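These come from TrEMBL:
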TRANSMEM  A:21-39  transmembrane segment
TRANSMEM  A:45-62  transmembrane segment
TRANSMEM  A:69-89  transmembrane segment
TRANSMEM  A:95-113  transmembrane segment
TRANSMEM  A:120-138  transmembrane segment
TRANSMEM  A:201-220  transmembrane segment
TRANSMEM  A:232-249  transmembrane segment
TRANSMEM  A:275-292  transmembrane segment
Amino acid sequence: MIPFRERPLIQPVARFVSDEHIRTLLILFSAIVFVFFTTKDYIPFAARLVVPFLLILLMTAVQVKQRVVLLFCIVLGLGLNVWANYYVIANHGFMITYIGIALMIACASGAQASSVIARAAVLLISILMGLALIQKLVSPHYMSGALVGGYLANGYMFKTLISLFYSNWPEVVQQNLMAQKALLSLPPGQGSGVPLTIPPFVQLLAIVLTYAALFSQVAIEACVLLRSRMGIWTHYAVLLFVLIIYSTRNENVFLSMNLILGYAMTDEHTKKARLWYVIGIAYLLIMEMMGLRPGIFG
Amino acid sequence: MLDKIINWVGKRAFGLVTVLALIVAGNVIWQIYLHKTTPLLAWKGGGFGMYTEPHAEDRGVWLRLTGASGAEALVQLWPETAAFASWRDTAGVRGGAYLNGLTRSAERLRFYPRDRVGDPFISRLSRVRWPQTLINTVTPSDGNVFAPSTISLEVYENRYNQTEATVARSLVYQRTGGETGQ
């Protein structure tokens, strides 16, 4: 049997994304920025109009100077967006700007670009994941299981899966959502709380998932910090982590940014993982553009 | 000139990505500090605390208007009500745009309610002639409009309690027009 990456249709792509590290990164970055700019309603119209053309130029540019100048223009657009919406923009607006700056610096370094972007990716992943982990640990809301419990109660997570064991779950979820919506719309002073219907096994599941997410984040952080010993397993862990988050919430663009950082971290010894990162990013961006999500995740 | 700058950046690339990492860490720590000391949402602003705290969709914005006789009217600004939407749709082009702007401001206020945003918002709200459908029989303090000192902005948040399986609503921000700024 022919291995997956040796099949006629896959082989050219596999070879390109495995051998052309920086060119693939520029294409992936362009794809993510394109989807980010065209699917988020707070991006100004002028930026939506101009940036796609800059991205086409970036993907086809071959000279260092051209790449750096184009990346500077795109980063300027991303940075202005962050500046104008500093307290309103979602975290991935910051993250894609950081990635753009790192890529611009890497491209300026010419032959060292792969090593520079790999170092930047390691720093970004370890800092952002580490600080996100600390935020979880210092949040009483998260640590009590309330965050995950609330997601389960509202049907944001595993609605279809729970329905397989508890057939009334869709109706219960609907009642829970309506009760909270009514509470939010009740004049202040006329009500301060509502009870929700949560079966005991869902409450237990919330606690299990809360700690499972915490431990998986610790494991990812450890894998990134010990990547020289872990080798390819660091990348499989990153891919698994993204898959786990994907099963809980529709965060396609943010997860594609995690994957591009994973791709950037790869080197000659771990380039086997590159194809999987590219497939992952392509899948997430297509799903985002089409507004689709597998039914099993609810 | 451009070539020199690119060469300069290229030669110091490893150092510059380390500086970038320090800036990123500093920015995230600043956002975490703001989230812990003010009503800034963990989901927004680069603090990377998403998946720890309630989302903006769990927040609602209310307006408390005190009339000439001391009676109060409560208007829900976000989520927008059918009564408000119906009023906006019949307010004409300019009036509708103004009211639409108020709704958008209420929506944004949820992410980081603070006096710097609240005060100008109250000032804009004080120019509105509120219809009976929203304020019932409450008579505005200044004839047709409510003076800023009689307008209060309030942001509430729904928060799930895992142990009791309940959702409690609490006030996370309140600002009355004319108060001394922070």
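Any Cβ shown, glycine's included, is placed from N, Cα and C.
Note: TrEMBL annotation is automatic and uncurated.
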Spatial neighbours of the transmembrane segment (A:21-39) far in sequence, C-beta under 8 Å, 6+ residues away = 47-48, 51-52, 55-56, 58-59, 61, 67, 74, 78, 92-93, 96, 99-100, 103, 106-107, 113-114, 117, 252-253, 256-257, 260, 263-264, 266, 271, 274, 278, 281-282, 285, 288-289
Would the transmembrane segment (A:95-113) count as touching the transmembrane segment (A:120-138), if touching means at least three Cβ pairs under 8 Å and pairs must be 6 or more apart in sequence?
-> yes
With the greatest number of Cβ pairs under 8 Å to the transmembrane segment (A:120-138), the stretch among A:201-220, A:232-249, A:275-292 is A:201-220
Within-chain partners of the transmembrane segment (A:275-292) [C-beta distance under 8 Å, separation at least 6 from its ends] | 5, 10, 13-14, 17-18, 24, 28, 31-32, 35, 38-39, 235, 239, 242, 246, 252-253, 255-256, 259-260, 262-263, 266
Residue numbers, six or more beyond the limits of the transmembrane segment (A:232-249), whose CB comes under 8 Å of its CB atoms | 125, 151, 156-158, 213, 216-217, 219-220, 223-224, 226, 255, 258-259, 262, 265-266, 269-270, 272-273, 276-277, 280, 284, 297
